[in-house]
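Written below as structure tokens is the structure these notes are about.
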Amino acid sequence: METHEPRVHAAWLPPEAFRSLGARRVLVHGEGLLVDTVLDEVSRACARYGGRVWHSPSWDVDVDLVLALRGAGELPNPAVEAARSAGEAALAEIGDGEPLGEEGFLLDRDGEVTVVLADAPAGLLYGLFHVVRLCAAAFDPARPPERHRPALRRRMLNHWDNVAVHPVMGQVERGYAGGSIFWRDGRPRGDLARVRAYGRLLAASGVNAISVNNVNVARTEALLLTDRLGDVAEIADALRPYGIRVHLSVSFAAPVLLGGLSTADPLDEGVRDWWVATTRRVYDRIPDFGGYLVKADSEGQPGPFTYGRDHADGANLLAEALAPHGGVVHWRAFVYDHHQDWRDRSTDRARAAYDHFTPLDGRFRTNVVLQVKYGPVDFQTREPVSPVFAAMPATRLALELQVTQEYTGQQRHICHLGPWWGEVLRFAPWGPGGRTIADVAVGEAGAGGGLVAVTNTGDDPFWTGHPLAQANLYTFGRLAWDPWRDPTEVLDEWMTLTFPPSATADPELVRRTLHEIMDDSWRTYERYTAPLGVGFMVHPGDHYGPDVDGYEYSRWGTYHFADRDGVGVDRSRASGTGFAGQYPPYWAQVYESPRTCPDEVLLFFHHVPYSHVLHNGSTVIQHIYDTHFAGVEEVETMRRRWRTLNGMIDPTVYERVAERLDEQVRCATEWRDQVNTYFFRKSGVPDAQGRRIY
Ligand code: GCW
């Protein structure tokens, strides 16, 4: 019997988005694998929309668009050569004398011709996707020249995909979009066309690196490094034409697990030799392999602590093996004690990354990137930004975001994370006006650790389960390219590509409605879930839906300490865990006192009485009630608004979102009622507006 894969949604690259490009006469000049990709993209667009494409050398043809490598030789076409020289002149004028680099490009207009110049093939590909994004505006005669270079060299996604299905976590850990694009039931999934299509989407968003397996590395996954390296090479081959390099999560215990050694001690000669030899074999097979990603001594994963060594010893061991090949180690700072006792008030999970890693600053090799989650705890809807970013000036730090919505509605809820990431990136840990998290990730001369995110994709026909969650993935890529960009502008860009105005009956209505639904959806999610930065009121294990006390007495840490008088975690220096003191002076002082601490993270830093008055004028208890009622109303409004799009957009998208909005309303209502009732019962304080609390 024949089986048919369901039609895969085009996400932000529907054919319609190529209409403007595809109707043009295009010349591609240069050679290379990624130039072939450019050619292929342009050819397909032109075949569909009636344009024409030439690949150098070409003679006297009239063109609308030239995409050329700067180093490629002269062409016997005066108009094209004139456009190229105009581009060169514009570059000399607006540039800083620096080359465009491996990935940068210039876009310019010369009379009737648009010209894209790049130093290297990847730049040409990014330039092409820029032309696609601009649509007709790329051919606007009055368009001034633009130069683009990514702020961050590595813009990486981590897949938490398992090769073998994990008995609890399934095929993809914290995956909400079906199975894995790469793996199924212990084997490669076998659909390399889908992998390639994925690479294409990622390249169009700006991503240039991915790790292909979960950071929790079990037996089968460990083998990817050795016996099953061929499976990784196949993925690398499929992604290479889109400029995406493959990285691998490895087990720190690999020398024991795979090499038959008796130890994985990082200072043991035999262990070092094993990593050197194994890594050499990886590069023999995958010459552009990116490197290793390691979760060590964390949530049961093996690490250097077993051997009495520290994390610099551990990371440097792998870095040394990778260095001759140009590879990097991404070493995760997510190390904490997950065997806590709620009776013990001295352990604070929020302190852990700083306490473990800051003493190691300066000891990591230059090809180690320390990958730090944005907050000190774990991808909550709201946390203060991790103080580690301000505390390790001699280490390359990457900011780790979570695109997969583990704690933010699991792609059943609309929760557009761009605004949150924007806040994190703009946070100035040394105080207002100082350097920001974006600056730290960029580093000096772009040598910082970059941006990394746990992806939200799977083999779901919409890629991300919730069609609107595609915007989170797209936004991540674009912010990784330019972390200073306004996330709302990026969202707008995503809308134009995904719902092309030329294919929509009422484009203005669609755009406005999507903005109304998505722009503030993260704050809406925050309103109906855990209040004031306290976090973690989720159902243990699956992390979906409310369970106020779910973690309160568990070994994973205690998060809210609610009693009849008040709520919150005292993390002050004066009377609490001292976490507030991990920040540089400005924020240490602001966070130290409930009087100065910003409302949105008040309960992260302080245990306060329910009658405590917030900066917004409300008491804590009334704020809890108000936000929970408001949050549910906002979700109901979202659903009403979505219904106005019925018949305007792709019906499969419409239906999938409509279905999920029903669940979002149900779940938000559950959150509201459980949280409000919980705090009403604890505090005995009635709602000032007399609304129904159960
Ligand atoms: O958020 C927690 C998740 C784990 C995850 C871990 C991590 C991959 O609940 O599922 O494990 O973080 O970041 O390593």
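Backbone N, Cα and C define each Cβ position, glycine as well.
Taken straight from TrEMBL:
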- 148-463: domain 'Glycosyl hydrolase family 67 catalytic' (DOMAIN)
- Glu299: active site, proton donor (ACT_SITE)
- Asp378: active site, proton acceptor (ACT_SITE)
- Glu406: active site, proton acceptor (ACT_SITE)
- 464-691: domain 'Glycosyl hydrolase family 67 C-terminal' (DOMAIN)
Cβ-Cβ neighbours of Glu406 (active site, proton acceptor) (radius 10 Å):
23
Which one of these active-site residues, Glu299, Asp378, has the sparsest Cβ neighbourhood, judged by other Cβ atoms within 10 angstroms?
Glu299
In the predicted model, what is the mean pLDDT computed over the domain 'Glycosyl hydrolase family 67 catalytic' (148-463)?
97
Going by DSSP, give the three-state secondary structure for Asp378 (active site, proton acceptor).
coil
Rounded to the nearest angstrom, how far is the Cα of Asp378 (active site, proton acceptor) from the Cα of the residue listed as 'active site, proton donor'?
12
